[in-house]
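Enquirer: This is the feature table in Swiss-Prot:
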{"type": "SIGNAL", "residues": "1-35", "note": "signal peptide"}
{"type": "DISULFID", "residues": "CYS203-CYS212", "note": "disulfide bond"}
{"type": "COMPBIAS", "residues": "257-266", "note": "compositional bias 'Pro residues'"}
{"type": "DOMAIN", "residues": "381-413", "note": "domain 'EGF-like 2'"}
{"type": "DISULFID", "residues": "CYS613-CYS624", "note": "disulfide bond"}
{"type": "DISULFID", "residues": "CYS670-CYS696", "note": "disulfide bond"}
{"type": "DISULFID", "residues": "CYS863-CYS876", "note": "disulfide bond"}
{"type": "DISULFID", "residues": "CYS887-CYS902", "note": "disulfide bond"}
{"type": "DISULFID", "residues": "CYS965-CYS976", "note": "disulfide bond"}
{"type": "DISULFID", "residues": "CYS988-CYS999", "note": "disulfide bond"}
{"type": "DISULFID", "residues": "CYS1094-CYS1108", "note": "disulfide bond"}
{"type": "DISULFID", "residues": "CYS1111-CYS1124", "note": "disulfide bond"}
{"type": "DISULFID", "residues": "CYS1235-CYS1249", "note": "disulfide bond"}
{"type": "DISULFID", "residues": "CYS1263-CYS1277", "note": "disulfide bond"}
{"type": "DISULFID", "residues": "CYS1299-CYS1311", "note": "disulfide bond"}
{"type": "DOMAIN", "residues": "1403-1455", "note": "domain 'TB 3'"}
{"type": "DOMAIN", "residues": "1477-1519", "note": "domain 'EGF-like 17'"}
{"type": "DOMAIN", "residues": "1766-1810", "note": "domain 'EGF-like 20'"}
Amino acid sequence: MRAPTTARCSGCIQRVRWRGFLPLVLAVLMGTSHAQRDSIGRYEPASRDANRLWHPVGSHPAAAAAKVYSLFREPDAPVPGLSPSEWNQPAQGNPGWLAEAEARRPPRTQQLRRVQPPVQTRRSHPRGQQQIAARAAPSVARLETPQRPAAARRGRLTGRNVCGGQCCPGWTTSNSTNHCIKPVCQPPCQNRGSCSRPQVCICRSGFRGARCEEVIPEEEFDPQNARPVPRRSVERAPGPHRSSEARGSLVTRIQPLVPPPSPPPSRRLSQPWPLQQHSGPSRTVRRYPATGANGQLMSNALPSGLELRDSSPQAAHVNHLSPPWGLNLTEKIKKIKVVFTPTICKQTCARGRCANSCEKGDTTTLYSQGGHGHDPKSGFRIYFCQIPCLNGGRCIGRDECWCPANSTGKFCHLPVPQPDREPAGRGSRHRTLLEGPLKQSTFTLPLSNQLASVNPSLVKVQIHHPPEASVQIHQVARVRGELDPVLEDNSVETRASHRPHGNLGHSPWASNSIPARAGEAPRPPPVLSRHYGLLGQCYLSTVNGQCANPLGSLTSQEDCCGSVGTFWGVTSCAPCPPRQEGPAFPVIENGQLECPQGYKRLNLSHCQDINECLTLGLCKDSECVNTRGSYLCTCRPGLMLDPSRSRCVSDKAVSMQQGLCYRSLGSGTCTLPLVHRITKQICCCSRVGKAWGSTCEQCPLPGTEAFREICPAGHGYTYSSSDIRLSMRKAEEEELASPLREQTEQSTAPPPGQAERQPLRAATATWIEAETLPDKGDSRAVQITTSAPHLPARVPGDATGRPAPSLPGQGIPESPAEEQVIPSSDVLVTHSPPDFDPCFAGASNICGPGTCVSLPNGYRCVCSPGYQLHPSQDYCTDDNECMRNPCEGRGRCVNSVGSYSCLCYPGYTLVTLGDTQECQDIDECEQPGVCSGGRCSNTEGSYHCECDRGYIMVRKGHCQDINECRHPGTCPDGRCVNSPGSYTCLACEEGYVGQSGSCVDVNECLTPGICTHGRCINMEGSFRCSCEPGYEVTPDKKGCRDVDECASRASCPTGLCLNTEGSFTCSACQSGYWVNEDGTACEDLDECAFPGVCPTGVCTNTVGSFSCKDCDQGYRPNPLGNRCEDVDECEGPQSSCRGGECKNTEGSYQCLCHQGFQLVNGTMCEDVNECVGEEHCAPHGECLNSLGSFFCLCAPGFASAEGGTRCQDVDECAATDPCPGGHCVNTEGSFSCLCETASFQPSPDSGECLDIDECEDREDPVCGAWRCENSPGSYRCILDCQPGFYVAPNGDCIDIDECANDTVCGNHGFCDNTDGSFRCLCDQGFETSPSGWECVDVNECELMMAVCGDALCENVEGSFLCLCASDLEEYDAEEGHCRPRVAGAQRIPEVRTEDQAPSLIRMECYSEHNGGPPCSQILGQNSTQAECCCTQGARWGKACAPCPSEDSVEFSQLCPSGQGYIPVEGAWTFGQTMYTDADECVLFGPALCQNGRCSNIVPGYICLCNPGYHYDASSRKCQDHNECQDLACENGECVNQEGSFHCLCNPPLTLDLSGQRCVNTTSSTEDFPDHDIHMDICWKKVTNDVCSQPLRGHHTTYTECCCQDGEAWSQQCALCPPRSSEVYAQLCNVARIEAERGAGIHFRPGYEYGPGLDDLPENLYGPDGAPFYNYLGPEDTAPEPPFSNPASQPGDNTPVLEPPLQPSELQPHYLASHSEPPASFEGLQAEECGILNGCENGRCVRVREGYTCDCFEGFQLDAPTLACVDVNECEDLNGPARLCAHGHCENTEGSYRCHCSPGYVAEPGPPHCAAKE
């Protein structure tokens, strides 16, 4: 630690120490990243957050601004006198620094204003006589005291430095106290010096002068005499860091060990030593990205002299490592885990083109224990270093550094005093390391994440690997213990090439150093973006205003916007900063460095290449190769880049081979070729071609791999080979040469004997150094230098021939030793001092693109192929091969870095011979088709044609055939045909004649007698004949011949045809035809015109015949239909003589009647009514006629006898005892009872003995005050209790505790038991119902008028809400009206976050799955814990935590209203959460009631299953009902199906119309039972098994009688089935209405309700006898009555309702309702609705005017009452057309039902009935 800055007194030194300590402590407490420094080094809050850190409780920010402490920090030097452990300690109990802090507090009256710091003027350097332009610092805000006397501001002062009540001259009051303890220096101290005493400045290190205005020149360290050698002084312009993430370091360069002689100032070369030594008390505050708990960047600090400078001259950055005292952070680390992936790249060259192919290996994990680890299988070795090795040192063990020759110490941080002081053994260790078979890559990475640590745990990892591999590190983590490996890792993407000296690659922790030129001031740090250091998403383009095409990895804003990106962002995308026309090279203008596209600022003077290949997604299907300022996508052999340069396509996609394209392909044959030859990709990618080429190659189908190979862009698009090849050639020339050559060098083994001197590679980073732009009017040239891994650029000399000064980073030491040039063009030998290895100690690429070979007296450069030594003979430069004319005038030579290429002229082709290229002549004469019709002679770059006879030379140099036929007279008597080189005369064809060398047509029609029986038509070269009717053209079409019409059957089809010349005749017509008048056809004969045809019918003529129809009665047409024959009426089962015997006659029949029948009209037997005229059944019966007979209907007390023809008395006393309690006496037609005791009396109606009820009301009760209970023949007296009491076994009346039933009084009150009764004490917002047995909600909106003012009042359960009509307003409870909503204000009252936050989290809700693992069945994906656990859920959340049980405290807290109720989001009243019924159908709709419909009830839900399903409570689904278990198929085999069943019948049985019975269709008796065939009497009433009140007028069938008004049928009095039975429903095709009415729940046919009817309660009636109509959910039970009598016995007269029948017994004999069940509606619950009845049969919705009802289907809104009333569809004239045809309509609640008439069945679809088949 250096000594503090000296001053004139010791006390001042002490104050300086505390003065430096105070602001640092406050900065640590306050956070230096939140502060900005003003022009004199003080800190001010950078935002309102900084002010908030200092605000006292309850103070206003404006008032607190005067309390902000002024901070002072020296970022480049540690605080004197303090250890790093004290930096984070809070300042406590020190009156010295506290008084100093109070002295620095600004007065309350200070004003914040902006001032300009003094502008530093140009001054002459004391040694270099160079002008340095001082830069003015940007304007900053600072606190400045107004110019008023201190006494006027503070009043009278006391204490020291006070003169006359005011501060003495040179002193002023401090900012925080009223004492004159602050010295005044005018003018103020510069360069951040401090004013210690009046007019006395204490300067910072590196500055001197009265006002610290002079920069102390740097000193060189001379190891010969161990004394500092002064260098040119360096000035540093003051300027505060405006970014909260300021980075910076003070870098001092050291000259070589042997100082050269001082040349004249104008000729001196400034060549800094590449290994940097940092001196001076500098400290760099840096920020490392970390993933802390809050996601913020951690602040870390490094001390002086602990910075590692990369040994590469191209890597102009400083790597900051951990300080020595930070080692305690990793002392306990015994094991380090390193995960990396090796990559091996090889270079293949073919046909003059080279390509890179890289193959990644397996991801390797090595553990470093004790400082190093080794994997013998993979050949990799890693070193883990806990100490930093500086000045080019390398870590070779856990706590050991290998130091170069010019440094020493544990960290290589001390310079070597003398050359002979180097410790022994180090050099040998270094040589052993280099001679090994492995190479090393070095990475400096953070080991773990720490919160605000000043000593970051950075580790330096060296990976030794085979030379052909490179390494990519994924993870570096610490392992705390062997048994419990707790990893603390940082994932990184660090790439490094194999460098033997451990140069750091793209380390994301490399800071921006500022290398200082000799004689030039260090430039201020760059102005960093507010996004500096953040990683975000980089976008390549936008689509419809939205960012699109994101890259695959996160990048910084500088890397994104400086390379390929247009938009960038962390949480949202923003356009990249506008980039002006960027320079082609880096320039510095107005103090800012501008980099070209593809580069980013490395520091104030260097631009570093952006490695775009580190960003995923640029080269989609290709390999990415980084180039200078850009990148390149390369492809594997057989592939090439498309025009987008980012995708590899097959070289078949740009094949230039041409062939025929066929538009049709069938049966392997190609047809319809195109005219021109085209390529295969144009043919097959254009949807035109089906096949291509000479072999008829079929085009590949779209979507196949073959199609994508030739059509990578899809249908309608092809690639241009010229574009692709030109771009590839350009890429090879400008971009591929250097990277590929460098990789070739790296993979090439060194020559024999040079293994110990391997070539030194440059760092992978590329940087460009820029000179400062001159001022306007300066005529000096701008000097720009670039440096790259393969080509370090040089600055040429000026016009006067002076050698240009070397630039920093070239790494060429300045040496007075002589140079010896070896006779070679690429070897330079330089003599150096003893013990000086320039190839190692210097930059790794001292020779540039060549190999540096150390010599005893210097070094030599062996240049790579394509390079030559620079004229200065000190490094390799590109060899311009084009100067030697390698293309020999046959093409254009294009030079490239390290190579060249020839662009051959037409007529020449490129030939590559090894490393050379040349253009050779193309022999066009060897190509087919050249000089056709002549002789070809090849020439240089072209060819020449000599034409044969018959050809002529054309302009293009080709031979063209002469067409001799163009000359008239060539062939006077024939036709001339041209041929290649000649012609031929041919004779004219038939029909033509020669004329002037051509053939003309002959008109044959001019010849007489041609075309007899026709007309001649002349044609070109021939003629044809058009014949008359009856003639046809001859085969040669030159004559006409007769047509034989008789050869076709169409002539005379019903007769004989005779052919004649030109015509024909018909004869011998068939029966029914005759010959017409012209004899050419046989016409039909009308037989009906002749008399006597069809005498007993009507004759109808037909073609060729006739038929007899409409025969007379008793006749019918015979099978031939040509006569009417007699009908035998006596044949067949249905004889016309019913009740008699039939006898057939001609045209009629005769009836012979049986007894009981009589003949009517001689044709039928009619029943004789014996009951007319004679009294056969008198006097005790009524005569009823029957078919062929009669029977007697006897009066009560009489029975039929003698076959039913007589009535006789019934002895009632003989059959049963009709007189219980008495004696029976038979009488005529009746009986009488003689009662035995006085407790019975005869009935006046029936005469039976009836019990006398002694307990009936009478004046003198038989039991007095006791309760009388009647019994047969007697009675008993029972002690009775008042209501609310029950009788105990001992006879006492005990009070009934109604409150023992928890359901009494509901959920909104509690029960208070009283004697004989109880009362309900209701909660707030509820009141007792009129019955006093429950608590009902109080409608505050109706009771309290205008309770919400002008807002809408909405009543909720237990309270009310005030809602504003507009969403832009909110209700103010204090003012009582709506006011505009404040921005950001919450509508619901603010409550504690910790109480409300869990209820807002929505996660998965699970149900218990029987037999399966937990959390295997998801109820809902987006449910709160209350919605899940208060309803049907069993587990909730990502952790699948079980829901609390209903009897737990957690459940009562989560679900205070009980099961089925959830809190209403946003609804608060009087500070309490409102709860409402949970609609499980909405929350868990898809998981509930599958194969059915879910219906919400309060509380719970119900499942309405589809037909064929029943509800399963365990799975909450509707399961298939196995109908086959219910004997569904009679006489057949039942097969169950999902939701239905099917009956399989065995032959000859078939399935009837019901689908449930197999019947025999061959037997008529099976199809038509007797009671459906015969007609008989229908009885309307049956009493005591006696049928009475017959239906008079007509007889009916059994079905008609029972389904209309009858109760029995036929003479046997067959009883009809009960109307509530299944037999009646099947017989009459109606639903069991009585069964529906008997149930407490109104069932809809075809659906099952609830958890199954077996689970319904036995008693669906309440205490008042009214049935409960609420539907039962899967977990609910029927509501218990408010109270019950425990002493009630099962035998009491308690109304009991039997469970209704199963739904399977209700189907399927009904016509379903027309309307479907109402769909699920979402609306307000009844308790939330502002309508009195809650919109029953509809849903309640809120509108602007209030509330209204949205009615379900089948209901309509009644406007006056706001109620949904049923629509009577049966009376609606506008309803369905012909509603319930063939049946009658019955209106139901919300729908209607059709009942089909007998003989009709229900049809699917529209509601109507169809006749049975």
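Backbone N, Cα and C define each Cβ position, glycine as well.
Help me picture where these features are in the structure shown.
Expert: A coil conformation is recorded for CYS212 (disulfide bond) in the three-state DSSP classification, outside any helix or strand.
Long-range Cβ contacts of CYS624 (disulfide bond) within its own chain (separation 6+, distance under 8 Å): GLU612, CYS613, LEU618, TYR631, LEU632, CYS633, THR634.
When Cβ atoms from all protein chains are considered, those within 10 Å of CYS696 (disulfide bond) total 16, not counting its own. Under the three-state DSSP scheme, CYS696 (disulfide bond) falls in the coil class.
Note on CYS876 (disulfide bond): other Cβ atoms within 10 Å of its Cβ, all shown chains, come to 27. In the three-state DSSP assignment, the secondary structure recorded for CYS876 (disulfide bond) is strand.
Under the DSSP three-state reduction, CYS902 (disulfide bond) is assigned to strand. CYS902 (disulfide bond) counts 24 other C-beta atoms within 10 Å of its own C-beta, drawing on all protein chains shown.
Within 10 Å of the Cβ of CYS976 (disulfide bond) there are 20 other Cβ atoms, across all protein chains. In the three-state DSSP scheme, CYS976 (disulfide bond) falls into the strand class.
Annotation note: CYS999 (disulfide bond) sits in a strand segment as assigned by DSSP.
Long-range Cβ neighbours of CYS1094 (disulfide bond) (same chain, at least 6 residues apart, Cβ-Cβ under 8 Å): CYS1088, PHE1106, CYS1108, ASN1122, ARG1123, CYS1124. Annotation note: CYS1094 (disulfide bond) sits in a coil segment as assigned by DSSP.
CYS1124 (disulfide bond) falls within a strand segment according to DSSP.
Its Cβ placed at the centre, CYS1235 (disulfide bond) has 20 other Cβ atoms within 10 Å. Secondary structure from DSSP puts CYS1235 (disulfide bond) in a beta strand.
Under the three-state DSSP scheme, CYS1277 (disulfide bond) falls in the strand class.
Secondary structure from DSSP puts CYS1311 (disulfide bond) in a beta strand.
When pLDDT is averaged over the domain 'TB 3' (1403-1455), the result is 86.
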Enquirer: Please list the DSSP helix, strand and coil residue counts for the domain 'TB 3' (1403-1455).
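Expert: Once the DSSP states are binned, the domain 'TB 3' (1403-1455) shows 11 helix, 14 strand, 28 coil.
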Enquirer: Where does CYS613 (disulfide bond) sit by DSSP, helix, strand or coil?
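Expert: Going by the DSSP assignment, CYS613 (disulfide bond) falls within a helical segment, counted as helix.
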Enquirer: In whole Å, how far is CYS863 (disulfide bond) from CYS965 (disulfide bond) when you measure between their Cα atoms?
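Expert: Here the two Cα atoms lie 73 Å apart.
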Enquirer: Reduced to three states, what secondary structure does DSSP give CYS965 (disulfide bond)?
Expert: helix
Enquirer: What is the number of residues in the domain 'EGF-like 17' (1477-1519) that are helix, strand and coil, as DSSP sees it?
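Expert: Breakdown, helix to coil: 7 helix, 18 strand, 18 coil.
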Enquirer: Fill in the CA-CA distance, CYS876 (disulfide bond) to CYS1111 (disulfide bond), as an integer in Å.
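Expert: Their Cα atoms are separated by 129 Å.
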Enquirer: Spatially, which candidate from the disulfide-bonded residues CYS203, CYS212, CYS696, CYS902, CYS1311 is nearest to CYS999 (disulfide bond), comparing Cα atoms?
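Expert: Given the candidates CYS203, CYS212, CYS696, CYS902, CYS1311, the nearest one is CYS696.
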Enquirer: Given CYS670 (disulfide bond) and CYS1249 (disulfide bond), what distance in Å do their CA atoms have, once rounded to a whole number?
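Expert: Just about 113 Å between their Cα atoms.
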Enquirer: Drop a 10 Å sphere on every Cβ of the disulfide-bonded residues CYS1108, CYS1299 and tell me which sphere holds the fewest other Cβ atoms.
Expert: CYS1299
Enquirer: Run through CYS1249, CYS1299, CYS1311 for me and report the disulfide-bonded residues whose CA is within 10 Å of the CA of CYS696 (disulfide bond), in sequence order.
Expert: none
Enquirer: Would you pick out, from the disulfide-bonded residues CYS203, CYS670, CYS863, CYS1311, the residue whose Cβ has the largest number of other Cβ atoms within 10 Å?
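Expert: Buried the deepest by this measure is CYS863.
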Enquirer: Could you find out if DSSP has CYS1263 (disulfide bond) as helix, strand or coil?
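Expert: In the DSSP reduction, CYS1263 (disulfide bond) maps to coil.
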Enquirer: Taking 10 A as the limit, how many CB atoms besides its own sit near the CB of CYS1277 (disulfide bond)?
Expert: 15
Enquirer: Helix, strand or coil by DSSP: which one applies to CYS1111 (disulfide bond)?
Expert: coil
Enquirer: So, in DSSP terms, is CYS203 (disulfide bond) helix, strand, or coil?
Expert: coil
Enquirer: Would you kindly give the Cα-Cα distance separating CYS976 (disulfide bond) and CYS1311 (disulfide bond), rounded to the nearest Å?
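Expert: Rounded to the nearest whole number, the Cα-Cα distance is 128 Å.
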